[in-house]
Amino acid sequence: MTPTLTSPPLPATSPAEKLMLAGVAGGLLALLLAWADADPGRRNTWFWLAIGLVSAGTLAWSWLKFGRHPAGVQQNNLWLRSSTGRGAVGWITGLVLTGFYVVLYWFSNGDNQGNFGLLSNLIHPLDSFSQWLRAKPADQWFLYGTFYTLAVLVMGGRALWKYRHSRYQVIRTLSVMFFQLGFSFLIPGLLQFFQKPEFYFNYFWPLHYQYLWPNDVHDLLKNGQALGVFMVFWGAVMSFVATPVLTYFYGKRWYCSWVCGCGGLAETAGDPYRQLSDKSRTAWRWEVRIVYTVLGLIIAITALLWVHFATGGALLGEVGNAAAKWYGFAIGSVFSGVIGVGFYPIMGSRVWCRFGCPMAAYLGLLQKHFSRFRISTNGAQCISCGNCSNVCEMGIDVQQYAQRGAPIIRASCVGCGMCSTACPRGVLNLENGPREGRYQASQLIHADSLRILS
Ligand code: SF4
Ligand code: SF4
(Lines of atoms letter the chains of each structure in order from A; the text may use other names.)
(Lines give C-alpha, C1' and ligand atoms only; values in the text may rest on other atoms or scores of the structure.)
(Ligands and ions follow the chains in the order given, each with its own letter.)
Protein backbone atom coordinates (compact mmCIF):
# COMPACT_ATOMS: atom_id res chain seq x y z
CA MET A 1 0.00 0.00 0.00
CA THR A 2 1.38 3.42 -0.95
CA PRO A 3 1.66 5.77 2.05
CA THR A 4 -0.17 9.05 1.56
CA LEU A 5 1.58 12.34 2.33
CA THR A 6 -0.44 14.77 4.41
CA SER A 7 0.47 18.28 5.54
CA PRO A 8 1.17 18.69 9.23
CA PRO A 9 -1.64 20.49 11.07
CA LEU A 10 -1.30 24.27 11.35
CA PRO A 11 -0.47 25.53 14.85
CA ALA A 12 -3.55 26.56 16.80
CA THR A 13 -4.50 30.24 16.90
CA SER A 14 -4.75 31.51 20.47
CA PRO A 15 -8.19 32.64 21.76
CA ALA A 16 -6.93 36.24 22.05
CA GLU A 17 -5.78 36.21 18.41
CA LYS A 18 -9.12 34.74 17.36
CA LEU A 19 -10.91 37.54 19.18
CA MET A 20 -8.87 40.19 17.34
CA LEU A 21 -9.47 38.49 13.99
CA ALA A 22 -13.18 38.43 14.82
CA GLY A 23 -12.91 42.20 15.41
CA VAL A 24 -11.41 42.67 11.93
CA ALA A 25 -14.14 40.49 10.40
CA GLY A 26 -16.75 42.55 12.29
CA GLY A 27 -15.19 45.71 10.84
CA LEU A 28 -15.47 44.36 7.30
CA LEU A 29 -19.10 43.48 7.97
CA ALA A 30 -19.73 47.02 9.25
CA LEU A 31 -18.19 48.38 6.02
CA LEU A 32 -20.62 46.26 4.04
CA LEU A 33 -23.51 47.61 6.12
CA ALA A 34 -22.31 51.20 5.55
CA TRP A 35 -22.22 50.52 1.82
CA ALA A 36 -25.78 49.15 1.84
CA ASP A 37 -27.48 51.51 4.32
CA ALA A 38 -29.56 54.35 2.86
CA ASP A 39 -29.84 56.25 6.15
CA PRO A 40 -26.97 58.82 6.28
CA GLY A 41 -26.67 58.84 10.10
CA ARG A 42 -26.51 55.06 10.46
CA ARG A 43 -24.27 54.79 7.38
CA ASN A 44 -21.69 57.13 8.89
CA THR A 45 -21.74 55.21 12.18
CA TRP A 46 -21.19 51.91 10.39
CA PHE A 47 -18.37 53.42 8.34
CA TRP A 48 -16.37 54.83 11.26
CA LEU A 49 -17.03 51.70 13.32
CA ALA A 50 -15.56 49.69 10.43
CA ILE A 51 -12.44 51.88 10.25
CA GLY A 52 -11.94 51.58 14.03
CA LEU A 53 -12.49 47.82 14.23
CA VAL A 54 -10.31 46.93 11.23
CA SER A 55 -7.45 49.22 12.32
CA ALA A 56 -7.49 48.36 16.03
CA GLY A 57 -8.12 44.65 15.37
CA THR A 58 -5.22 44.40 12.91
CA LEU A 59 -2.80 46.23 15.18
CA ALA A 60 -3.78 44.21 18.24
CA TRP A 61 -3.58 40.94 16.31
CA SER A 62 -0.11 41.92 14.99
CA TRP A 63 1.09 42.56 18.51
CA LEU A 64 -0.24 39.20 19.71
CA LYS A 65 1.15 37.40 16.67
CA PHE A 66 4.59 39.03 16.48
CA GLY A 67 5.18 41.40 19.39
CA ARG A 68 4.69 38.77 22.11
CA HIS A 69 7.02 36.24 20.51
CA PRO A 70 10.81 36.28 20.14
CA ALA A 71 11.95 38.64 17.38
CA GLY A 72 13.05 37.12 14.07
CA VAL A 73 11.61 36.30 10.67
CA GLN A 74 9.47 33.17 10.82
CA GLN A 75 8.27 31.77 7.55
CA ASN A 76 6.53 28.74 9.03
CA ASN A 77 3.39 27.53 7.26
CA LEU A 78 3.17 30.49 4.87
CA TRP A 79 2.50 28.15 1.98
CA LEU A 80 0.04 26.05 3.99
CA ARG A 81 -2.26 28.90 4.96
CA SER A 82 -5.19 29.59 2.70
CA SER A 83 -4.66 33.36 2.96
CA THR A 84 -0.96 33.42 2.06
CA GLY A 85 -0.54 30.27 -0.02
CA ARG A 86 -2.96 31.01 -2.90
CA GLY A 87 -5.78 29.17 -1.15
CA ALA A 88 -9.48 30.03 -1.17
CA VAL A 89 -9.05 32.98 1.22
CA GLY A 90 -6.28 34.39 -0.99
CA TRP A 91 -8.41 34.12 -4.12
CA ILE A 92 -11.42 35.73 -2.44
CA THR A 93 -9.22 38.59 -1.15
CA GLY A 94 -7.81 39.04 -4.67
CA LEU A 95 -11.29 39.11 -6.21
CA VAL A 96 -12.55 41.66 -3.67
CA LEU A 97 -9.51 43.91 -4.20
CA THR A 98 -9.77 43.64 -7.99
CA GLY A 99 -13.50 44.35 -7.83
CA PHE A 100 -12.86 47.44 -5.70
CA TYR A 101 -10.41 48.81 -8.27
CA VAL A 102 -12.78 48.15 -11.16
CA VAL A 103 -15.58 50.01 -9.37
CA LEU A 104 -13.22 52.82 -8.35
CA TYR A 105 -11.91 53.44 -11.86
CA TRP A 106 -15.01 52.89 -13.94
CA PHE A 107 -18.16 52.94 -11.81
CA SER A 108 -17.77 55.77 -9.32
CA ASN A 109 -17.37 58.94 -11.37
CA GLY A 110 -19.13 61.88 -9.72
CA ASP A 111 -22.02 63.68 -11.45
CA ASN A 112 -21.38 67.00 -9.65
CA GLN A 113 -24.52 66.35 -7.55
CA GLY A 114 -22.71 64.28 -4.94
CA ASN A 115 -23.59 60.97 -6.58
CA PHE A 116 -20.62 58.64 -6.99
CA GLY A 117 -22.34 55.52 -8.27
CA LEU A 118 -21.56 52.34 -6.40
CA LEU A 119 -19.18 54.05 -3.96
CA SER A 120 -21.43 56.93 -2.86
CA ASN A 121 -22.22 55.44 0.54
CA LEU A 122 -18.54 54.95 1.35
CA ILE A 123 -17.46 58.38 0.09
CA HIS A 124 -19.96 60.60 1.95
CA PRO A 125 -18.95 59.58 5.49
CA LEU A 126 -15.60 61.23 4.65
CA ASP A 127 -17.13 64.57 3.66
CA SER A 128 -16.36 66.35 6.96
CA PHE A 129 -12.80 65.05 7.08
CA SER A 130 -12.24 66.08 3.47
CA GLN A 131 -13.75 69.49 4.16
CA TRP A 132 -11.37 69.92 7.07
CA LEU A 133 -8.29 68.84 5.09
CA ARG A 134 -9.02 70.02 1.54
CA ALA A 135 -11.86 72.54 1.96
CA LYS A 136 -14.10 70.51 -0.32
CA PRO A 137 -16.32 67.41 -0.06
CA ALA A 138 -14.92 63.92 -0.52
CA ASP A 139 -14.79 62.18 -3.88
CA GLN A 140 -13.74 58.69 -4.99
CA TRP A 141 -10.04 59.61 -5.03
CA PHE A 142 -10.20 60.94 -1.50
CA LEU A 143 -11.77 57.66 -0.39
CA TYR A 144 -9.03 55.77 -2.20
CA GLY A 145 -6.26 57.94 -0.70
CA THR A 146 -7.71 57.48 2.80
CA PHE A 147 -7.96 53.69 2.49
CA TYR A 148 -4.50 53.51 0.91
CA THR A 149 -2.87 55.60 3.64
CA LEU A 150 -4.67 53.70 6.37
CA ALA A 151 -3.49 50.40 4.88
CA VAL A 152 0.13 51.61 4.84
CA LEU A 153 -0.07 52.88 8.42
CA VAL A 154 -1.86 49.91 9.96
CA MET A 155 0.08 47.25 8.09
CA GLY A 156 3.20 49.34 8.66
CA GLY A 157 2.50 48.86 12.38
CA ARG A 158 2.36 45.12 11.75
CA ALA A 159 5.70 45.26 9.88
CA LEU A 160 7.27 47.20 12.74
CA TRP A 161 6.31 44.42 15.19
CA LYS A 162 7.37 41.69 12.84
CA TYR A 163 10.77 43.09 11.86
CA ARG A 164 11.59 44.95 15.08
CA HIS A 165 14.93 43.13 15.38
CA SER A 166 16.23 44.79 12.20
CA ARG A 167 17.17 48.46 12.40
CA TYR A 168 17.17 48.69 8.60
CA GLN A 169 13.61 47.36 8.35
CA VAL A 170 12.31 49.53 11.17
CA ILE A 171 13.70 52.76 9.71
CA ARG A 172 12.66 51.78 6.19
CA THR A 173 9.11 50.99 7.32
CA LEU A 174 8.87 54.30 9.18
CA SER A 175 10.11 56.03 6.03
CA VAL A 176 7.40 54.61 3.75
CA MET A 177 4.75 55.39 6.39
CA PHE A 178 6.05 58.96 6.64
CA PHE A 179 6.12 59.56 2.87
CA GLN A 180 2.67 58.08 2.36
CA LEU A 181 1.05 60.07 5.15
CA GLY A 182 2.89 63.33 4.57
CA PHE A 183 3.76 63.52 0.89
CA SER A 184 0.95 61.44 -0.66
CA PHE A 185 -1.95 62.44 1.59
CA LEU A 186 -1.60 65.46 3.85
CA ILE A 187 0.46 67.80 1.64
CA PRO A 188 -1.64 67.29 -1.53
CA GLY A 189 -4.75 67.80 0.65
CA LEU A 190 -3.41 71.01 2.19
CA LEU A 191 -2.39 72.32 -1.23
CA GLN A 192 -6.02 71.98 -2.27
CA PHE A 193 -7.12 73.65 0.96
CA PHE A 194 -5.08 76.70 -0.04
CA GLN A 195 -6.40 76.44 -3.62
CA LYS A 196 -3.02 75.46 -5.04
CA PRO A 197 -2.44 72.72 -7.63
CA GLU A 198 -2.73 69.19 -6.21
CA PHE A 199 0.83 67.90 -6.39
CA TYR A 200 2.61 64.79 -5.12
CA PHE A 201 6.23 65.67 -4.39
CA ASN A 202 7.24 62.00 -4.04
CA TYR A 203 6.10 60.93 -7.52
CA PHE A 204 8.07 61.80 -10.65
CA TRP A 205 8.04 61.15 -14.38
CA PRO A 206 7.98 58.42 -15.76
CA LEU A 207 5.91 56.94 -12.89
CA HIS A 208 3.67 59.99 -12.60
CA TYR A 209 3.91 60.53 -16.32
CA GLN A 210 1.66 63.60 -16.55
CA TYR A 211 4.13 65.73 -14.56
CA LEU A 212 6.27 66.18 -17.67
CA TRP A 213 3.45 66.18 -20.21
CA PRO A 214 2.85 69.53 -21.90
CA ASN A 215 -0.72 70.03 -20.64
CA ASP A 216 0.23 69.58 -16.98
CA VAL A 217 3.40 71.64 -17.31
CA HIS A 218 1.43 74.36 -19.05
CA ASP A 219 -1.31 74.35 -16.38
CA LEU A 220 1.19 74.45 -13.52
CA LEU A 221 3.12 77.33 -15.07
CA LYS A 222 -0.06 79.22 -15.87
CA ASN A 223 -2.16 78.66 -12.74
CA GLY A 224 0.30 77.76 -10.05
CA GLN A 225 2.22 81.06 -9.89
CA ALA A 226 5.66 80.76 -8.26
CA LEU A 227 4.69 77.47 -6.61
CA GLY A 228 3.69 76.03 -9.99
CA VAL A 229 7.07 76.99 -11.46
CA PHE A 230 8.74 75.32 -8.51
CA MET A 231 6.66 72.16 -9.01
CA VAL A 232 7.70 71.87 -12.66
CA PHE A 233 11.31 72.52 -11.68
CA TRP A 234 11.08 69.94 -8.85
CA GLY A 235 9.62 67.29 -11.15
CA ALA A 236 12.29 67.78 -13.82
CA VAL A 237 15.19 67.89 -11.36
CA MET A 238 13.99 64.80 -9.49
CA SER A 239 13.55 62.82 -12.73
CA PHE A 240 16.76 63.77 -14.49
CA VAL A 241 19.25 64.87 -11.82
CA ALA A 242 18.38 63.55 -8.36
CA THR A 243 17.31 60.10 -9.58
CA PRO A 244 20.61 59.27 -11.35
CA VAL A 245 22.72 60.77 -8.56
CA LEU A 246 20.90 59.04 -5.70
CA THR A 247 20.76 55.76 -7.61
CA TYR A 248 24.48 55.95 -8.24
CA PHE A 249 25.15 56.13 -4.51
CA TYR A 250 22.35 54.00 -3.05
CA GLY A 251 20.80 51.92 -5.84
CA LYS A 252 17.10 52.05 -6.65
CA ARG A 253 16.23 51.30 -3.04
CA TRP A 254 16.33 55.02 -2.11
CA TYR A 255 13.10 55.34 -4.09
CA CYS A 256 11.44 51.93 -4.48
CA SER A 257 11.74 50.85 -0.85
CA TRP A 258 11.91 54.14 1.03
CA VAL A 259 9.86 56.83 -0.75
CA CYS A 260 7.46 55.52 -3.39
CA GLY A 261 3.82 55.03 -2.40
CA CYS A 262 3.45 51.90 -4.56
CA GLY A 263 6.51 50.42 -2.87
CA GLY A 264 5.17 51.58 0.50
CA LEU A 265 1.94 49.65 0.03
CA ALA A 266 3.84 46.58 -1.20
CA GLU A 267 6.17 46.62 1.82
CA THR A 268 3.37 46.97 4.36
CA ALA A 269 -0.04 45.72 3.16
CA GLY A 270 1.69 43.43 0.65
CA ASP A 271 4.15 41.91 3.11
CA PRO A 272 2.06 38.76 3.79
CA TYR A 273 2.22 37.98 0.05
CA ARG A 274 5.89 38.65 -0.76
CA GLN A 275 6.70 34.93 -1.07
CA LEU A 276 4.23 34.53 -3.95
CA SER A 277 6.50 36.18 -6.54
CA ASP A 278 7.40 33.83 -9.37
CA LYS A 279 11.12 32.92 -9.20
CA SER A 280 11.18 31.06 -12.52
CA ARG A 281 13.37 32.11 -15.42
CA THR A 282 10.29 32.36 -17.61
CA ALA A 283 8.94 35.03 -15.27
CA TRP A 284 12.33 36.79 -15.40
CA ARG A 285 12.20 36.81 -19.20
CA TRP A 286 8.69 38.29 -19.23
CA GLU A 287 9.73 40.85 -16.63
CA VAL A 288 12.54 42.11 -18.88
CA ARG A 289 10.36 42.15 -21.98
CA ILE A 290 7.40 43.94 -20.43
CA VAL A 291 8.96 46.48 -18.09
CA TYR A 292 11.36 47.94 -20.67
CA THR A 293 8.58 48.02 -23.26
CA VAL A 294 6.48 50.13 -20.86
CA LEU A 295 9.45 52.45 -20.32
CA GLY A 296 9.93 52.78 -24.09
CA LEU A 297 6.22 53.50 -24.53
CA ILE A 298 6.12 56.29 -22.00
CA ILE A 299 9.23 57.93 -23.45
CA ALA A 300 7.73 57.75 -26.96
CA ILE A 301 4.33 59.07 -25.83
CA THR A 302 5.92 61.95 -23.91
CA ALA A 303 7.96 62.87 -27.01
CA LEU A 304 4.85 62.65 -29.23
CA LEU A 305 2.90 64.93 -26.92
CA TRP A 306 5.64 67.55 -26.96
CA VAL A 307 5.82 67.37 -30.77
CA HIS A 308 2.06 67.82 -30.84
CA PHE A 309 2.32 70.77 -28.45
CA ALA A 310 5.19 72.43 -30.30
CA THR A 311 3.61 72.09 -33.74
CA GLY A 312 0.04 72.72 -32.68
CA GLY A 313 -0.87 69.25 -33.92
CA ALA A 314 0.24 70.08 -37.47
CA LEU A 315 2.89 67.37 -37.72
CA LEU A 316 1.37 64.22 -36.21
CA GLY A 317 -2.24 65.13 -35.58
CA GLU A 318 -3.89 63.45 -32.61
CA VAL A 319 -1.58 60.43 -32.46
CA GLY A 320 0.08 61.58 -29.23
CA ASN A 321 -3.21 62.32 -27.47
CA ALA A 322 -4.71 58.99 -28.53
CA ALA A 323 -1.61 57.13 -27.31
CA ALA A 324 -1.68 59.06 -24.02
CA LYS A 325 -5.33 58.11 -23.48
CA TRP A 326 -4.61 54.49 -24.21
CA TYR A 327 -1.60 54.49 -21.85
CA GLY A 328 -3.66 56.04 -19.05
CA PHE A 329 -6.26 53.29 -19.39
CA ALA A 330 -4.07 50.25 -20.03
CA ILE A 331 -1.01 51.02 -17.91
CA GLY A 332 -2.11 53.78 -15.52
CA SER A 333 -5.38 52.10 -14.47
CA VAL A 334 -5.52 48.42 -15.46
CA PHE A 335 -1.88 47.46 -14.90
CA SER A 336 -0.85 49.61 -11.94
CA GLY A 337 -4.17 49.48 -10.08
CA VAL A 338 -6.35 46.52 -10.96
CA ILE A 339 -3.52 44.03 -11.56
CA GLY A 340 -0.82 45.74 -9.51
CA VAL A 341 -2.73 45.67 -6.23
CA GLY A 342 -5.72 43.44 -6.94
CA PHE A 343 -3.45 40.49 -7.66
CA TYR A 344 -1.34 40.81 -4.48
CA PRO A 345 -2.73 37.58 -2.95
CA ILE A 346 -2.11 35.62 -6.15
CA MET A 347 1.06 36.97 -7.79
CA GLY A 348 2.81 38.67 -4.89
CA SER A 349 3.16 42.25 -3.75
CA ARG A 350 5.35 43.71 -6.46
CA VAL A 351 3.64 42.69 -9.70
CA TRP A 352 3.45 46.30 -10.85
CA CYS A 353 6.95 47.24 -9.65
CA ARG A 354 8.46 44.19 -11.29
CA PHE A 355 6.57 43.92 -14.58
CA GLY A 356 5.06 47.30 -15.27
CA CYS A 357 6.56 50.33 -13.55
CA PRO A 358 8.56 52.53 -15.95
CA MET A 359 10.23 54.27 -13.00
CA ALA A 360 11.48 50.90 -11.74
CA ALA A 361 12.79 50.14 -15.24
CA TYR A 362 14.61 53.49 -15.41
CA LEU A 363 16.03 53.06 -11.89
CA GLY A 364 16.95 49.45 -12.71
CA LEU A 365 19.01 50.43 -15.73
CA LEU A 366 20.84 52.97 -13.60
CA GLN A 367 21.31 50.49 -10.78
CA LYS A 368 22.68 47.78 -13.02
CA HIS A 369 25.08 49.94 -15.01
CA PHE A 370 25.84 53.12 -13.03
CA SER A 371 25.60 52.37 -9.34
CA ARG A 372 27.70 51.44 -6.34
CA PHE A 373 24.91 49.33 -4.86
CA ARG A 374 25.14 45.56 -4.64
CA ILE A 375 24.28 42.77 -2.22
CA SER A 376 27.47 40.99 -1.33
CA THR A 377 27.28 37.31 -0.40
CA ASN A 378 29.48 35.18 1.78
CA GLY A 379 28.92 31.85 0.04
CA ALA A 380 30.90 29.76 2.53
CA GLN A 381 28.32 30.48 5.23
CA CYS A 382 25.23 29.62 3.16
CA ILE A 383 23.30 26.55 4.30
CA SER A 384 20.92 26.61 1.30
CA CYS A 385 17.83 27.04 3.46
CA GLY A 386 16.15 29.15 0.77
CA ASN A 387 14.75 31.75 3.17
CA CYS A 388 16.23 34.57 1.08
CA SER A 389 14.64 33.45 -2.18
CA ASN A 390 11.33 32.85 -0.46
CA VAL A 391 11.05 36.40 0.87
CA CYS A 392 12.24 38.13 -2.29
CA GLU A 393 9.23 40.02 -3.57
CA MET A 394 10.96 40.76 -6.89
CA GLY A 395 11.24 37.10 -7.82
CA ILE A 396 15.05 36.94 -7.52
CA ASP A 397 16.41 33.52 -6.68
CA VAL A 398 18.81 34.99 -4.13
CA GLN A 399 19.99 31.59 -2.94
CA GLN A 400 21.56 30.87 -6.34
CA TYR A 401 23.85 33.88 -5.95
CA ALA A 402 24.56 33.16 -2.29
CA GLN A 403 25.62 29.59 -2.92
CA ARG A 404 28.21 30.83 -5.43
CA GLY A 405 29.35 33.78 -3.34
CA ALA A 406 28.37 36.12 -6.19
CA PRO A 407 27.25 39.73 -5.60
CA ILE A 408 23.67 40.48 -6.58
CA ILE A 409 23.42 43.40 -8.99
CA ARG A 410 20.07 42.61 -10.57
CA ALA A 411 18.26 45.57 -12.13
CA SER A 412 15.00 44.52 -10.47
CA CYS A 413 16.30 44.38 -6.88
CA VAL A 414 14.51 47.09 -4.90
CA GLY A 415 16.92 46.84 -1.99
CA CYS A 416 14.19 46.02 0.52
CA GLY A 417 16.84 44.08 2.43
CA MET A 418 14.39 41.37 3.41
CA CYS A 419 16.65 38.61 2.07
CA SER A 420 19.39 39.82 4.38
CA THR A 421 16.98 40.17 7.32
CA ALA A 422 15.62 36.64 6.80
CA CYS A 423 19.02 34.94 6.37
CA PRO A 424 19.89 32.95 9.51
CA ARG A 425 23.62 32.92 8.67
CA GLY A 426 24.37 36.57 7.91
CA VAL A 427 25.36 35.71 4.35
CA LEU A 428 23.85 38.73 2.61
CA ASN A 429 24.92 42.32 3.03
CA LEU A 430 23.49 45.40 1.27
CA GLU A 431 26.41 47.64 0.32
CA ASN A 432 27.24 50.84 -1.49
CA GLY A 433 30.80 49.96 -2.36
CA PRO A 434 33.30 50.86 -5.07
CA ARG A 435 32.39 49.81 -8.59
CA GLU A 436 35.59 47.79 -9.03
CA GLY A 437 34.95 44.04 -9.02
CA ARG A 438 31.20 44.59 -8.89
CA TYR A 439 30.46 42.38 -11.87
CA GLN A 440 33.16 39.71 -11.67
CA ALA A 441 31.53 36.88 -9.80
CA SER A 442 28.05 37.60 -10.99
CA GLN A 443 29.25 37.49 -14.59
CA LEU A 444 30.17 33.90 -13.89
CA ILE A 445 26.60 33.20 -12.85
CA HIS A 446 25.11 35.00 -15.80
CA ALA A 447 27.37 33.23 -18.27
CA ASP A 448 27.22 29.93 -16.47
CA SER A 449 23.57 29.40 -15.85
CA LEU A 450 21.22 32.31 -16.00
CA ARG A 451 21.84 33.63 -19.56
CA ILE A 452 19.14 36.22 -19.32
CA LEU A 453 19.34 39.95 -19.71
CA SER A 454 18.34 41.99 -16.69
S1 SF4 B 1 17.23 40.54 -3.61
FE2 SF4 B 1 16.86 41.00 -1.42
S3 SF4 B 1 16.93 43.24 -1.29
FE4 SF4 B 1 16.67 42.71 -3.47
S5 SF4 B 1 14.45 42.76 -3.78
FE6 SF4 B 1 14.99 40.64 -3.30
S7 SF4 B 1 14.70 40.49 -1.05
FE8 SF4 B 1 14.76 42.67 -1.56
S1 SF4 C 1 21.89 33.06 1.83
FE2 SF4 C 1 21.12 32.74 3.91
S3 SF4 C 1 18.88 32.64 3.64
FE4 SF4 C 1 19.78 32.34 1.61
S5 SF4 C 1 19.94 30.11 1.38
FE6 SF4 C 1 21.91 30.84 2.19
S7 SF4 C 1 21.72 30.65 4.42
FE8 SF4 C 1 19.64 30.52 3.61
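Note that the numbers count up from 1, one per residue, in the order the chain is shown.
Just so it is clear, glycine is given a Cβ too, placed from its N, Cα and C backbone atoms.
Annotated features in TrEMBL:
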| type | residues | note |
| --- | --- | --- |
| TRANSMEM | 46-66 | transmembrane segment |
| TRANSMEM | 87-107 | transmembrane segment |
| TRANSMEM | 141-161 | transmembrane segment |
| TRANSMEM | 173-194 | transmembrane segment |
| TRANSMEM | 226-249 | transmembrane segment |
| TRANSMEM | 290-314 | transmembrane segment |
| TRANSMEM | 326-346 | transmembrane segment |
| DOMAIN | 373-401 | domain '4Fe-4S ferredoxin-type' |
| DOMAIN | 405-433 | domain '4Fe-4S ferredoxin-type' |
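Sequence-distant contacts of the domain '4Fe-4S ferredoxin-type' (405-433) (same chain, six or more residues past either end, CB-CB distance under 8 Å): 73, 75, 163, 166, 168-169, 172, 249-254, 256-257, 263, 267, 274, 287, 350, 353-354, 360-361, 364-365, 367-368, 372-383, 385, 387-396, 398, 439, 441-442, 444-445, 454.
Note on the domain '4Fe-4S ferredoxin-type' (405-433): DSSP counts are 5 helix, 6 strand, 18 coil. Taken residue by residue, the domain '4Fe-4S ferredoxin-type' (373-401) breaks down under DSSP into 12 helix, 5 strand, 12 coil.
Residues 14, 16-17, 20-24, 26-31, 33-34, 37, 122, 125, 150, 154-155, 157-158, 161-162, 164 of the same chain, all 6+ positions outside the transmembrane segment (46-66), place their C-beta atoms under 8 angstroms from a C-beta of that stretch.
If you look at the transmembrane segment (173-194) against the transmembrane segment (226-249), you find fewer than three C-beta pairs under 8 angstroms, all six or more positions apart, and that falls short of contact. The recorded stretches the transmembrane segment (87-107) and the transmembrane segment (326-346) share 3+ CB pairs below 8 A when only pairs 6 or more apart in sequence are counted, and are therefore in contact. Over the domain '4Fe-4S ferredoxin-type' (405-433), the average per-residue pLDDT in this prediction is 94.
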